Structure formats: C-alpha cells, structure tokens
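Q: Can you read through this structure? Questions will come right after.
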Amino acid sequence: MASTAVMMDVDSSGVNDLHHSEKKYAEEDQVQELLKVLNEISKTTLTLDPRYIWRSLKDLSSLRNQELLNAETLCFTVNVLYPDSSSFKKNLLKFITSNHKSSVPGSAELRNSYPASFYSVNTEKKTIEVTAEINCFMHLLVQLFLWDSKELEQLVEFNRKVVIPNLLCYYNLRSLNLINAKLWFYIYLSHETLARSSEEINSDNQNIILRSTMMKFLKIASLKHDNETKAMLINLILRDFLNNGEVDSASDFISKLEYPHTDVSSSLEARYFFYLSKINAIQLDYSTANEYIIAAIRKAPHNSKSLGFLQQSNKLHCCIQLLMGDIPELSFFHQSNMQKSLLPYYHLTKAVKLGDLKKFTSTITKYKQLLLKDDTYQLCVRLRSNVIKTGIRIISLTYKKISLRDICLKLNLDSEQTVEYMVSRAIRDGVIEAKINHEDGFIETTELLNIYDSEDPQQVFDERIKFANQLHDEYLVSMRYPEDKKTQQNEKSENGENDDDTLDGDLMDDMSDISDLDDLGFL
C-alpha cells in the first residue's frame, strides 16, 4: 500500500452515467486502519487463537467513533480485498453503494501486496477466496455501516439475502464464534427496529420465521460449543418473547436450556440476568427477580456505553424492592448520571414509604408515559396494595383501636369492606399484629413480641451468609490464573512475539454492544 496516493480513487464503471468522470476518494489513513484490523484477524486463521478476533471486535467502537465506516472506504477495501472471481464481492458492493459496478484502478497490484494470510484456496471451485474470518468481519462492517446510516430496510434485506444464507449457513468453523454472535445481534436488532418504526402486514410472519431460524442456529451453536453465539441467541430469543408479551413461553424456554457462563462476555451475562429478573418479577417471584437484577448490575460494564442499561436495571431494581416491601436508601437515587432517570421512582418510593394513596395515584398518573416507556408500568401499578399496607401499618402503630370507617377515610378507600379485606391481608402477611372485630367494625392491635424471640434474625443472617458465599464462589470462578512467567517468556521468544497480552476479561468487557439498544428501550 506504500505506492498508493494519499487520496485513493474509486471510479464508476456505469455506461449510462452522465457523471462517469467524477471520482469518489477514500483516504489512505482510513483504509490502513481497516487493514490493521484485518491483519489482526488473519492471525486467528493462522494460530486458531480467538484472542485476535477479540481485539479486532474491541476496535469496532473506535472505528465507528472515527467515522471510518463510510461508503468510500468500504467500497475501496472490498474492491481491492476481494478478487473479481469472488462470489461475495458483488453482494457487498451492492449494499455499500447504489452503483455496485464501481472499480478501483490498479486493484490487482494492490491486492498482490496484501498478506497471503488474507486468502484461502477454494478446492471445489479452484478459485482464491478471502478467508472465512475476514469475510465474515467485512460483512459485519457493512452491517454497522448500514445501521449507522439508518438504512434499516437495506440492512434487513442484506441480512435476509446475504448474511444468513451465504455466511451463517455456509461456514462451519469454530473460529467464527465471536463474529457470528455479533452478526446475529445486528440481524435481530435491525428486524426489531424496523418492525417498531413501520407497521407491516407480514411483520408477524417474518418474526416467526426469524425466531425459528434463531432456534435452529441455537441448536447448532450448542452442539459446536460456541458459547458466545449460544449466549447471544438465547438473549435475542428471550428478548423476542418479552417483546411479544409471551412471558410463559420465555419461562418454559429458560427451563429447557443451560446458559453458558464460561467464555462469555459480561455484557451478555448482564443482559441475560436482566431478562430473568424481568420474567420472575412478572410471575410474582420477587425474591428471585431481586437476585437476578443485582447480578445484572454487577455483571454489566460500568462505563458510558452501558449507562442506558444500568439506568434501566436500577429502575427495575427499585420496583422489585418496593414490591418486596423494602424501601431503597436515599443514596440509591443519587447515583452518578441517574438522578434524572430515577426521579419518577423516587416519588413513587416516597408515596409507598408514607402510605399516601392519594400521592401514589397522582404520581402514577403524572409519570405514566415514562413508566410505559420503561416497561415498568404494570409493576408499579401492583404497588397500590403495598401503599395501602404501609398506611395500615402506620395507623396500627399510632392507634391501639380504630374503626374500619376511620381507616377508610384516612386512606381514601372505596368502602369499609375494602378496608376489611386489606387489613386481613396485612395481618396474614405479617405486616401488622392485630385482630378484627367484625361485629363492631374496628381493629385492635396486639402487643408486639420481641423480634429476637422469632426466627426473623436467623433468616436475615442466613440470607447474608448465602450472599457472601455466593459472591466468594463467583469471584473464584472469574479469577484468571496466569501461567509461569518463564514459560510465557520462552514461548514469546520462540514465536517472536513481543506484544503485550491483554486479559480476555478486559476484552470481553470492552466489547459491549449494549449502547446500540439504548434508543429502543431495554425491556
């Protein structure tokens, strides 16, 4: 590439093009940056070490931030990288630019200067093709280009006609595990976004077809032990179930599979725990949902890219805590970059804490649209009974004996029968210690027993011990045990490698694609 000009030209070969003499230029620096990433991927082809693909996928965010994924750069790279005999070249150019007959002068000479590790020999057709790893990565770059360009219809068509049949159904290599996971992410993301933005008649049929296709490839990924692809497909299928309100189907789906917790990026695990928490919260299992949402917040990368996910997770965590009868601490609502997003939930918490049913109703009405957008409205509506129970508890602590009618007036309830029912539930749930006199229509609180004579302290300490043991076990599993330094130095000297190794865990954290979901809202 040293012989190329600073601005490399891409000529149009259209016959009827009135402006065929015009040229679009691709900057050499941008092309060189792409070639560096491709060169890193080619090392995986030679060594079968997936760390190089991890590093390349980590560089995707910087490529997008620097706007290197533009039509001119991609068009030039595809024209030079792919031989004219390649069956993938035409399809890529077709979706990058409207005129897929564009060409690069001297592309053959430039191609000859590329490393031989970029190419492989197709024994069946007896032609030279780009290696599977680089080919799939180039298709991923085109996906990102169409996504960033808001070309959703073209992206869906590209996925349906090119990516799924020509890549995912064609290649059968374990080295493609990481790239395939990314490809599936943007396949489903583009489908979901287009379905939300446009009301198509056949959207339900297309959704069923896509879900069945993901189920099919989930079986293949499980058999091949492609953990990253398997985890990605499980998350996407769960997201699809929840998008369509099929909570029971999602629960059955989870019960019939085993999620891979090894060799999986932390962002995928965080998303999986979030979905599990959502499902359990809808099914009234709040204690299990609370455990999963705490795990999701801990697993998620704590950086600017995952801010939207962390905000949504904390909103769900607040709702679950309130439904469990717990009140979040004030510091919970003052976390950095979350004060504004958690403001509606702060007012809800305040209403629940005071047992003020009137304030609770006005807060729900005021922030209804925000709660619907967060998909927590139904959970927040369930808090009405908690508000009433809290109000009854405050009243029982204040009065030794009080009539049901007075409670009805204080809590603004409909009738005395409603009050009697709610007080009965509060007594059953252990919220208050009281007796109801049905004949005279009043309740009488009893003396509170010494709490240390009950089993409550034992249960609290048991929960704390279990949490500490679970945290200890998870840290042991996630620890990296480095090899002997002498062995590493000997291997590096033999292979001639002097570059610093990066921990796989760091690469997994930085490879998060959570930020692309922020605009959609996180279930």
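Here the Cβ of each residue, glycine as well, is placed from N, Cα and C on the backbone.
Predicted, not measured: the structure shown is a model, and the values here were computed from it.
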Q: Going by Swiss-Prot alone, which of S98, S265, S454 is annotated as phosphoserine?
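A: According to Swiss-Prot, the phosphoserine annotation belongs to S454.
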Q: Taking the Cβ of S454 (phosphoserine) as centre, how many other Cβ atoms lie within 10 Å?
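A: Taking every protein chain into account, the count is 11.
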Q: Once the DSSP letters are reduced so that anything not helix or strand counts as coil, what is S454 (phosphoserine)?
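A: Note: S454 (phosphoserine) is coil by DSSP, not helix or strand.
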Q: Kindly state the mean pLDDT of the domain 'PCI' (270-450) in the predicted structure.
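A: Mean pLDDT for the domain 'PCI' (270-450): 84.
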